[in-house]
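Q: Dumping the structure here so I can ask a few things about it.
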Amino acid sequence: CVICGNAWRHEVMKWNGWGYSDSRFLFNKKGQAEFTGKRYKLSGMILPALKDWFEGTFGASLQHKSPATPLLNTSAVQAPTLNQDFVEELKSIGVPFSHEAEDRAFRGHGHCLHEIFALREGKIGRVPDMVVWPNCHNDVEKIVALACKHNVCLIPYGGGTSVSSALECPPEETRSIVSLDTSQMNRILWIDEKNLTAHVEAGIIGQDLERLLNESGYCTGHEPDSMEFSSLGGWVSTRASGMKKNIYGNIEDLVVHIKMVTPQGVIEKSCQGPRMSTGPDIHHFILGSEGTLGVVTEVTMKIRPVPEYQKYGSVVFPNFEQGVACLREVAKQRCAPASIRLMDNEQFMFGHALKPQVSSIFTSFLDGLKKFYITKFKGFDPSRLCVATLLFEGNREKVLQHEKQVYDIAAKFGGLAAGEDNGQRGYMLTFVIAYLRDLGMDYYVIAESFETSVPWDRVLDVCRNVKARVVRECKDKGVQFSPLSSCRVTQTYDAGACVYFYFAFNYRGLSDPVHVYEQVEHAAREEILANGGSLSHHHGVGKLRKEWMRETVSEVGVGMLQSVKDYVDPKNIFGNRNLL
Amino acid sequence: VSYKDLRGMKDDEFVDILEERRCSSDLGHAFRTFNPQPYKGGPPCSAADLNKALLDSHFLHRVVKEVAMETGSSQEKVMEEAGEILVEMSHNLHLPFIRLMGYTFSKVIKRLFTSIFVNMDGLNTLQQAVQENPVILMPNHRSYVDFLIISYILFTYDIPVPVIAAGVPLAEMKIVGEILRRSGAFFIRRSIGSDKLYWAVLSEYVRGIVRHGFAPVEFYVEGLRSRTLKSLTPKLGMMQMVLEPYFKGEVFDITLVPISISYDRVLEESLLARELLGVPKPKESTAGLLKASRVLQEDYGSMQVNFGQPLSVRKLCEGKINRSYYNLVPRDLPMKPSAEALACVSWLAHVVVGLQERGSLISPWSLMACLLIQEPTTVLAEQGLLWDDLTEKTLWLRKMVLDFGARLNWPGEAPNSAVMSSAISLHRSIVYLKAGRVYLTQEEVPLRRHRISPEEGVFRTAVPVLMLAAYRNQSLHALVRPAMLAMSICITRSTQRDELFRFFCFLQEVFANEFIFIPGNLSQDFEEACLCLNSCGAVYISEQEVRVSEQSSEVITFLQKLLQPFIDSYQLIFRCVCEEEQVQVFTEKQFLAAVRALALKLILSGELHTYETLSSDTQKNVLSALCRLEAVAKSEINEFKVNKAAVRRITDALCKSRQGSITIFNYNYSVSSIIQVQLQLH
């Protein structure tokens, strides 16, 4: 079969790690860290401080390597269970498919630590039995109809960036599992400049969507950290959030119309009115349904003209408490820039370690800052201070005005402006940080991130308690080295904030590091919930967090969702078993 | 047997902190560089900052608004009132005053005590703990001396000095009150009742200190000084305030440090005994303090301060508390804690008291008191007890309590006989040794008076007896579980584990105000009792049975006699309550008077052998027990109404406890009646 574009993703992307094959961190022969490839600003650069930070923070050593299995051993992938009747009919409708081991293994996982860890060890669990590549909405309708007819399990697959075990095949599933890869449905079908909307196929990847819209002078402004690889359909089915939601909104604010194919037929609204009072919004059954009800095929989204002017910024605070107080005030005054994020001291240090050698492009954040300290602001304790990064967008005049307003608020909380470059670098790091996990895993360090949303009055409590819980759990579970436990406030809302946690530890000496890691993550989630944080702000529930759904949405809530599932998909064709 | 084994302190290194004080300058000590490790959770916070944060708090403003609405006064006025409460309450910890206090304290304690032993490993772990999480220091309270000793020790060892919860009467003492305030004391009114504003200020004040965490909080979970040297039922108000920041997630964890302070001889010993006999406690006043300075002339032996292992509230509460209870309400909304939280607070408080007991060191004198008090009072007063018998039995008892795993403070350097005779001479206010016999010390009759009434005679005997009882009580925690089992064996005459366990539970229930047991720990307590008796060879235990060994009946007899005064007192009081034919309803005052009169009569007639019935503590405990067991109902106006049938049922269960004890009802006791009682109790 002839498949174009990014169907064979594993040719450009890693099969057992994050992102592009050509881009990775490594320690070169001199022991210096560098980032390979040409795709990113950091590509080809040496990061001289990373080694010391890495070894110092984790007690890791470049002598102790834990390399990944280099190639996928196709014989480790179990033979596909095929439903022959389904396959025959599929052939007859002419939709491309494959049951090659590589294709199947590639679509049998997301990017949770345990998934990647297993792949690196060459362990492949249950994977889809075949992959199909519909080209358009009609193809999907046909595939779903066939799946219903032959009782085949379908698992929609978009960008594969899930971090909730949503793409894992349920081990108890006995039917043939078909991965429905939406990557060929990647066109912008039309742009409506009068209403400022675009009608897009749901398989389009974030960066392609932005690039193509930019060519016409537009953007969606939806920029989740995974936007290089995640798909529009994935955003809709997980209730994704974008970095610049303060201007553009989250995915639920951006969609005007959704078309989804379910076993009961197609669900969509009859018009594109901007708001309706027609009972509960059916979009909200689709948003966050995590592939359990059907396949999102086409979406009408709001678009905006590409902003005239963008400006990064950063502010240093004497401590995290002051930083949070500032963000809260910014939210109160409803003057949040396109993005505002507050990193804690540990992440600040981490950022320090990622400073490239060639700093002609990146005027060094810390060098400048240090000078500041030594000369003027010695009052800041380097082991307590933290930094907020900012991104302003709009017309130039308004941006400058806005910037001043925010810096004035920051000053009231002891914040000092710390330069544009640092802000810019902070955001750039968002895209490379996932690559760093793979570097850690080469040296016995495992890492994961998780997020929550929490009311303002509990932000500090959640941050403190969850970080401390991670440290204590690691200790209790026998981790030999002190872990990195860090957080940042990444989004502000009227009534609360989104908090993102990172934790990482050196697992040398542990017989089952993944199990330990899972226990720690579990405990951390318990801690979040006990402190009034939510189960998830934007990663979703998947299978990783579904044990907490009942307490999260109440018994009746679960029943409601279940009855929708029972009506829409009585035979559990969309059988990924996420959410419920 | 090595020295340490004898003391029952295998791992701890106790150091006499007075030793250094005696050979270096007190002034030098007071002006030492005080440089504690900083608290990692946040910067220090001055007393003024703390007060300001409280007055600015949303919590207080909400309450002020409510109070203003309810009372019809203006918010400003209520706020002003809150400010005044805070002024009365708040501490004003100042290092110079700690130094001044340190200097004075050095002088005083050197005069009072020969030594003050402190366990160094406890201090070391505390030093670590105060850097990590807010720390709550929870000493037992046996003497006014307790009050600043912890601050003194912490100051000496470079650990942040605590802020200490104290009663308002102390604040009202001239000068002394202010010194205490500046040494870190904050003051709480005794009877707060339903004063909403006061509660609000107090609870937010305490929570604020805990949240900031940079200074440990010290408070007495027993609420007040124990007049009987026995642990008291913990008070939960303060405990709850202290724990709330953890329940609400405002701190990651809270560390509780049980501290056991034991005295060879308590300064207030005779005052306490008199108080128990109905002589009112002198009001705390500076003048009174100065007058009391004659107590400084006497020797009080040594004092032991044992810092227990720090406890993580988080770990202890695991699975016991659902912190998400607070998720759906604003942080600063005044809110009643959940039933679950209250139960947890109570459980934790009992756990701490239990650990205070286990951390206490039992002195040779206390063991002797256990034996002395088992002798008939008249014998002790008139014929005296053979010294050799007493020493022999004391050594026997020493071995037994060591078998039971208690901590002993038995000096290893001196011969045993010297240890015991020095204990006697330290306690000459209670007993004295003459011609190889030990006699009860009785106050001399004033010369002017020729005769004293029989009632006065009883009173004069009761004072040293109650003092003796108090010192016996210092050992009770180590003996009470096996003693209850021994009592169960004697009463039920059964060997069946189930039956013994049922009676053991019944005894715990009846005596819950007398001895502190951790709620929900019955099986472990019973198991411990079995193991104790087994360890000294008194019983054989199997899956089904607990069988008394023939040779060791003296253990069982001793333990039974140890509890007998309690059983006798309870029975007498039960009887008294039931006899009040005419009066169906009485006040506490009437109750105490009636019990006292009856006890006095029976002691004089020779029917009652224990003077402890005269103790108001015992009397009040019985009343609380009856209320708890729902045999007596307390009305809103603090009047009590008796359900005589219920009291009789409880009496029945206890009445056959010993031949020769006062048998009030001649009902045939049967196992089923006990079970019935228990069913009703639960």
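Heads up, the Cβ atoms here are built off N, Cα and C, so glycines get one too.
Checked TrEMBL, it gives:
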- A:Tyr500: active site, proton donor/acceptor (ACT_SITE)
- A:156-162, A:238-241, A:290-296: FAD binding site (BINDING)
- A:Arg437: substrate binding site (BINDING)
- A:124-306: domain 'FAD-binding PCMH-type' (DOMAIN)
- A:Arg341: site 'Important for enzyme activity' (SITE)
Q: Among the binding-site residues A:Pro156, A:Gly159, A:Gly294, which residue has the largest number of other Cβ atoms within 10 Å of its own Cβ?
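A: That would be A:Pro156, with the most Cβ atoms nearby.
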Q: Measuring CA to CA, name the entry from the binding-site residues A:Pro156, A:Gly159, A:Gly294 that ends up nearest A:Tyr500 (active site, proton donor/acceptor).
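A: The answer is A:Gly159.
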Q: Round to a whole number and give the Cα-to-Cα distance in Å for the pair A:Ser162 (FAD binding site) and A:Arg437 (substrate binding site).
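A: Approximately 16 Å lies between the Cα of A:Ser162 (FAD binding site) and that of A:Arg437 (substrate binding site).
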Q: Which of A:Arg341, A:Arg437 has the fewest nearby Cβ atoms, counting only those within 10 Å, among these recorded positions?
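A: Fewest other Cβ atoms within 10 Å, among the recorded positions A:Arg341, A:Arg437, is found for A:Arg437.
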Q: What is the separation, in Å, between the Cα atoms of A:Ala240 (FAD binding site) and A:Arg437 (substrate binding site)?
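A: Cα-Cα, rounded: 22 Å.
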Q: Between A:Arg341 (site 'Important for enzyme activity') and A:Arg437 (substrate binding site), how far is it from one CA atom to the other, in Å?
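A: Just about 21 Å between their Cα atoms.
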Q: What mean pLDDT score does the domain 'FAD-binding PCMH-type' (A:124-306) have in the model?
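A: Per the prediction, mean pLDDT sits at 97 for the domain 'FAD-binding PCMH-type' (A:124-306).
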Q: Calculate the distance in Å between the alpha carbons (Cα) of A:Gly291 (FAD binding site) and A:Arg437 (substrate binding site), and round it to a whole number.
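A: One finds 27 Å between the Cα atoms of these residues.
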Q: Nearest to the residue listed as 'substrate binding site' by Cα, among A:Pro156, A:Gly159, A:Gly294 (binding-site residues)?
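A: Closest candidate to the residue listed as 'substrate binding site', judged by Cα separation, is A:Gly159.
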Q: Which is it, of A:Ser162, A:Tyr500: the one of these recorded positions whose Cβ has the most other Cβ atoms within 10 Å?
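A: Most Cβ neighbours within 10 Å: A:Ser162.
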Q: Provide the number of Cβ atoms within 10 Å of the Cβ of A:Gly291 (FAD binding site), excluding the reference atom itself.
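A: That number is 28.
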